[in-house]
């Protein structure tokens, strides 16, 4: 089929993937980088901004500290990257921080990390979307004027796309991510080159005056600097993504993943420092509340993001440069928001395997469970976006705590990991290597632990408490689910007296009859096939006239099976049947009653609403009766045939590529 | 048990009724009157008001016509009552207008009536609640200030009560209804007595000036009078209720029902005329828009309902009289709103029996269907209340058209009914009696038909079109449902080639195994009991480690049944099993595959969320496969035992009393 026709068909049909078309295709580094690093790289769009914004409270003089704070964030970033390179080598299975913490520190720490990551996914959606809208809004004022609305629309679109099933393709990630990297690096290089040449570059806010909110000194000033640093640490969000994706890399997986991680770290640090440098050079003023903090701004001034302000100054006289940076930044941020939709089911699946989340999240086939997860993620992200007016600054306060909880716990786990290996290892060369790795992780632990403490102190009242409360709630929910599963497993394992392997002594079969039509006849024939000890047909008298008609027809047909009529003065079906089944089984626990329920199967959901509701309810109730088997004998109506096709078609699910499920373009073309 | 303890227990437990406690207890006239007539009697609270309000447009002089309009409404009322006395004798089965129309004019007319009645139920809730709030608000300004909010709260409360299951008790209806009747009659008698004595009685609005909106003459004036008349015809809403309730009366049912109907008609007419008379005597001014139409009113004047204004004037110097009338009127209106919650399921059940609505509405036991009906009713009523600001006047415009559609169609049906009987009857005495009845119905048809035309002309643009559009939509929906059921019935009846009575030639049994626990062992044992031709266990390899463990354990146990492992590269369960079942059955249509699914049963809904989801989905999918029986083998966990008790307890359902289901107090005490 020509390519265009395929694309057109996809757009129309929307469900082109059959599950047998899926195949494992491993990712080369050049594709893995954009897929796994878009989240981390995109955070350089907001991290520098948050540094300046926090410092703005102490007035312009505090801006001088921005480069130093930037350097501190960059150092932490490189330390964390170095640490995770150890993780990637030690745990190539893709379990990430959750696996490291569980294996080395026990389930509780694993669960702590998992709770932190789940909260983080929600915040990734909220922060990235809000920041994306702010960057696009810097180019299109109409978007900036309605940023909450646009953020909501974008989250709704991402949700719909992921519910419908969008394949993460390497290309879809590669183009915008490389577009962003190249754009920012070009801007930084050109800006520095121009600065060296002495070209004057002034941001649009360069001429504004920044009012000192309060003359801070001593402890308060230190506190402000720490707060600015912890806001800047938002640049580290998403760094751990590669450690969850090792299995999707080409071989040697760990080595390639570690290389990609390093590449990502270097790129992120370069862009971060570059942006901060240009912000200073172009004289950007960025305030939390421009209306009160800035003077000299025109009336109705809409504060643009720092990245776009720099782009405007650097590419002066070349507007496409400004628009390119605005949109490239906006798009990579929306891509980062989308990664949360993909990462969530992967983590959910691992947690479900460990029975901390409902089991159905474990298997890929469960679109329903996936959908619930996606809706859950979107709903909470929307609540945050609306509650915090899509303000990146206010959302950031909640964001960083979760990230650093999982960094810190993971690094602590790694130290234990090396201790365990060292205890067994005798080869001095290997031991030396292990010692070195352990040292890297120890530095990582110190660093991330310190940042975590700083974040907790400086952010707690500003919103971090919300994230912590959510983490605690999720932690408790997951332990409750696990406890329930454990209790059920224990109960299923104990035999306490009754021996289920003993064969039933008597099988009494009951065919439920409401009318004498095809499904009933088939159910009767099938019931005979199981050769029960007793076989009878049973009907419930809901309407005297109908029942008389049925019994007359029954007699006329001359079945050898007797038809028993159960009276139901209140025209309900369930209770008379359940009571009768109970009576028939009697007290002998070795007796079995098999209830055959003729059902006809229709194809469309609204048809299903009109049929078999009482059969469904009866089946549900009979399951509570000991010693009863419930057999559905289906009769397929014409409309059901189409439905089979519909149901068997598998659509791509969010997170497939991250799990190593991938539709290879070549294989598809060959069909 | 002492009575108080029972009451306390009920309040706490809320589910005191077991379905075996229900019994048929027929209603004496003194109880049937309040149960079936509260809706009709309560409409005299708003009908006179609507007459004055409509006339107010033409200024004070038009008020002189109010008594004549009142008399016209009263005449129509008595004609309709006389007509329905014929219905009650001819159709004692309680099918009401729907039955009369269907039997005599055919399904389309029956369906038209049914659509009209369904719309009416929604409007009964909206109008009665709004009017009830207006009357209570006349005594408590705080309620009047937030009438939409209070109306919404009341509908929500009624919904909750009916969802939970509130038994309609005779007493609960009798006390407020008789309280209202006695209150209004006492007010009318005392007011007329005082008027004759010459005591000056002036309503609070007596001193206001009413501005003529427009000086109407000729056609416009006639139109206004007709509009006022059709608004006053709102007094007739609810008259048909008794004809739906004949089976609940004591014997002789029809005679008692006819007597009750007459009693209701006389009471309603007396109250209606009395209220109009007193309104004239006390000089009430009542305007659609008091702010522009009335002058001389104090600032912030809240217009009180006519009934309460009269009560204030008649019981001057005796405030309890005013409060009594306000609350008695408010309460009977809320009771009238509640009758719609009871009438709806009864009509729904009849329509479901004729397959115009989903079948599950037919049987009493289906609480889920009932709940959906109640929620549907409440949701639409809330939409109307909010859309029309809980303004009785604006809602009334939608109300009357449905009532008169069903009156008119029903009377037309009755004329046909007598024609049919007359064709067969030869006894002159009986024929004379029939002729007389037919004449009554003919007068009824003329009357109601005329009113219907007037209503359509004068109300169409004011809102009646909404009611008509809703009726058409419901009509179309019901015919679509019926068409679907008919199509399925046809399909189920045709044998086209395959003969379902032929016994299966081979039964291949498959036991699905996920783990080796009690439910699996029981399923194996039960599967052996049906003595299949082939028996095998099947597991889906979702996780290599788990599968290896399972097969090892299986071998160790030494079952004689082989365990087959199905591969599932994408960790889904449904597709591999369905494919395998298809393969096993092969092409022989006489082969049967029985799939045994071990299930464990938990008690609580949230536990159910955590279990058996994949089994449920698999069952759903297997039903689409021809020649497959799906057998659930349940294993009851400890928590399921309590759930059985919970599920078997039957709660009273809305509309029980109207259907003749009733818990007799005596029987309960005897237990």
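Backbone N, Cα and C define each Cβ position, glycine as well.
Note that the structure is predicted; figures quoted are calculated from it, not measured.
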Under TrEMBL, the annotation transmembrane segment belongs to which of these stretches: B:24-47, B:216-239?
B:216-239
Given B:129-147, B:148-166, which one carries TrEMBL's transmembrane segment label?
B:148-166
The annotated transmembrane segment range in TrEMBL, which must be one of B:349-367, B:463-481, B:482-500:
B:463-481
Chain residues outside the transmembrane segment (B:322-347) and at least six past its termini with a C-beta under 8 angstroms from it:
38-39, 41-43, 45, 98, 114, 117-118, 121-122, 124-125, 128-129, 131-133, 135-136, 138-139, 154-155, 158-159, 161-162, 168, 173, 176-177, 179-180, 183-184, 187, 238, 241, 244, 305, 307-308, 310-312, 315, 361, 370, 373-374, 377, 381, 653-655, 657-659
I need to check the long-range neighbours of the transmembrane segment (B:216-239): which residues 6 or more away from its ends have a CB within less than 8 Å of a CB in the stretch?
37-44, 46-48, 50-51, 53-55, 57-58, 62, 65-66, 69-70, 72-73, 76-77, 80-81, 84, 120, 124, 127, 261, 264-265, 268, 272, 336, 339, 393, 396, 399-400, 403-404, 407, 451, 454-455, 457-459
Top partner of the transmembrane segment (B:396-418) among B:60-84, B:105-128, B:148-166 - counted as Cβ pairs under 8 Å:
B:105-128
Ranked first among B:105-128, B:178-196, B:260-281, B:463-481 for CB pairs under 8 angstroms with the transmembrane segment (B:368-390):
B:105-128
Which residues, given as numbers and ranges, are at least 6 beyond the ends of the transmembrane segment (B:105-128) yet have a Cβ under 8 Å from it?
39, 42, 46, 97-99, 155, 158, 234, 237-238, 333-334, 336-337, 339-341, 343-344, 347, 351, 354, 356, 377-378, 380-381, 384-385, 388, 392, 395-396, 398-399, 401-403, 405-406, 409-410, 412-413, 416, 467, 470-472, 474-475, 478-479
Residue list, the transmembrane segment (B:260-281) vs rest of chain: Cβ under 8 Å, 6 or more residues beyond ends.
29, 32-33, 36-37, 40-41, 43-44, 47-48, 51-52, 63, 66-67, 70-71, 73-74, 77-78, 80-81, 84-85, 88, 181, 184-185, 187-188, 191-192, 195, 201, 203, 235, 239, 242-243, 249, 306-307, 309-310, 313-314
